[in-house]
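Okay, structure first, notes after.
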Amino acid sequence: MAHQKILILDFGSQVTQLIARRVREQQVYCEIHPFDVSDDFVREFAPAGVILSGGPNSVYEAVGWHAPQSVFELGVPVLGICYGMQTMAQQLGGSVESSGKREFGYAEIRARGHSELFRSIEDRTNDEGHGLLDVWMSHGDKVTALPPGFKVIASNESCPVAGMADEVRKFYAVQFHPEVTHTIKGRDMLARFVHEICGCGRDWNMPDYVNEAIEKVRAQVGQEEVILGLSGGVDSSVVAALLHRAIGEQLTCVFVDNGLLRLNEAEQVMLTFARNLGVKVIHVDATEQFMGHLKGVSDPEAKRKIIGREFVEVFQAEANKLPNAKWLAQGTIYPDVIESAGSKTGKAHTIKSHHNVGGLPETLNLKLLEPLRELFKDEVRELGIALGLPHEMVYRHPFPGPGLGVRILGEVKQEFAELLRRADAIFIDELRAADWYDKTSQAFAVFLPVKSVGVMGDGRTYEYVVALRAVETQDFMTAHWAELPHSLLGKVSNRIINEVRGINRVVYDISGKPPATIEWE
């Protein structure tokens, strides 16, 4: 199916992905590409509209950091955001200068000039009846002269041109960021742009995308066999369900139990995929192999490397038993692709692999199949539901690739893994029972390799400590510790201490990100 598309050109903003997510939320397909794509690429992409992102540079200093001229010659609407507004102004004959000081944070602007972009969109009105908008600014330059044909559509004292438009050509630009949640009516503005100004319908949704994705896989794979490293995480689980629906017996999954999984995770994966869905799954219990190589190792990075290396070894051994497999499937998702886009945006040039298959040797000689590479995480979850996966599996909290290996501080021992598994399961059970699981973005227990004195009954105990961690976040770039009810924390602590022999103290981590990271290692 040919979707109407929005082209987003990335000038290096930290929040460019948010633009794409907001557009996709409107059920409109879009793609992010580096700003320096060729004119031919822009024409062949055939967008219904173009969005120019923000960026860290100044248009009068960054030589060559401008949009392809074809963007303004296609005859389609264009929206410039922050730096995107400045390059639009400069390229079309206006002027941009330094503001003298950066404007960062909340700002109130007045909508002016009866623009189509802002029509009936306001947070409130002033005494004269003019529409006012609460927006988020992040800029050090400003437009000082409009290009021919443009008018001011938004302003405030510190930013006389907070928005501009050429309504005839449908070129719009704003100095603020409509994609961030701090701009209260930002979603409404982007919806107005893609639906009413660009004329896009709502033809991008996961239930309808299932058949399209299945056809893509069948066309790519044909009659050849595929191997997938199934971890039990959201991405690989959705890939497994999609490929099984598309190619059935041509798919073989390899599930490696490294001894660092959550409680009953191996059983749940086998039940869901092998027994309920009928997927061909090879279950490899490599606990002893992993634990043996982790013995005596305390450094977090060293542990990660060992766990990754041993996974590769186990997976390769199983792959060698499947000589007919021609494809390696991975759970690469769209943010991975964006982050590896490279170009002058200064982003990494190496594709970031799915954590379980990272570093698989090229000697496998397998072609790469990445059926989720166009999807954001929320879309992957929606696709999983559309494919019939259980809600509890699809909406599970993130789990690190090395598993409990980086939630056991210091040396990893099987005994520690068992204690942590049970404590973590109690925490998650109680969060679910209290309807707090879906209110938190990530929650887990951490094993601390220290002992503390306690009293149980009439006896003294000297046992281990577990820390509980729960955070709320929209993007995992920053996070706030979840303010769980004290009664809930008390119940979790009481259960862990009474039910998990070997733990006599439970603490709660109230660190935000920054300065702390979400995971402890």
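Glycine is treated like the rest: Cβ placed from N, Cα and C.
The model shown is predicted, which means the values in this text are computed figures rather than measured ones.
The annotation domain 'Glutamine amidotransferase type-1' is assigned in Swiss-Prot to 5-203. Annotation comment: Swiss-Prot describes CYS82 as active site, nucleophile. Residues or ranges marked as active site by Swiss-Prot: HIS177, GLU179. The feature domain 'GMPS ATP-PPase' is assigned by Swiss-Prot to 204-396, with sequence analysis given as support. The annotation ATP binding site is assigned in Swiss-Prot to SER231, GLY232, GLY233, VAL234, ASP235, SER236, SER237.
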Query: Quick one: what's DSSP say for SER231 (ATP binding site), helix, strand or coil?
result: coil
Message: Rank aside, I only need the closest one: which of the recorded positions GLU179, SER231, ASP235, SER236 has its C-alpha nearest to that of the residue listed as 'active site, nucleophile'?
response: GLU179
Task: Among the recorded positions CYS82, VAL234, point out the residue whose Cβ has the most other Cβ atoms within 10 Å, with all shown protein chains included in the count.
output: CYS82
Query: What same-chain residues, at least 6 away in sequence, bring their CB to under 8 Å of the CB of SER237 (ATP binding site)?
result: LEU230, SER231, VAL269, THR272, PHE273, GLY384, LEU389, MET393, VAL394
Statement: Cβ contacts within 10 Å for GLY232 (ATP binding site), all chains included, total 23
Recorded positions compared (GLU179, ASP235) - highest count of Cβ atoms within 10 Å: GLU179
Field: Fewest other C-beta atoms within 10 angstroms, as judged across SER231, SER236, which are the binding-site residues
entry: SER236
- request: Taking the Cβ of HIS177 (active site) as the centre, count every other Cβ atom within 10 Å, in any protein chain shown.
  value: 23
- request: Over the domain 'GMPS ATP-PPase' (204-396), work out the mean pLDDT and round it to an integer.
  value: 88
- request: In whole Å, note down how far the CA of GLU179 (active site) lies from the CA of SER236 (ATP binding site).
  value: 29
- request: Determine, to the nearest whole angstrom, how far the Cα atom of GLY233 (ATP binding site) is from the Cα atom of GLU179 (active site).
  value: 29
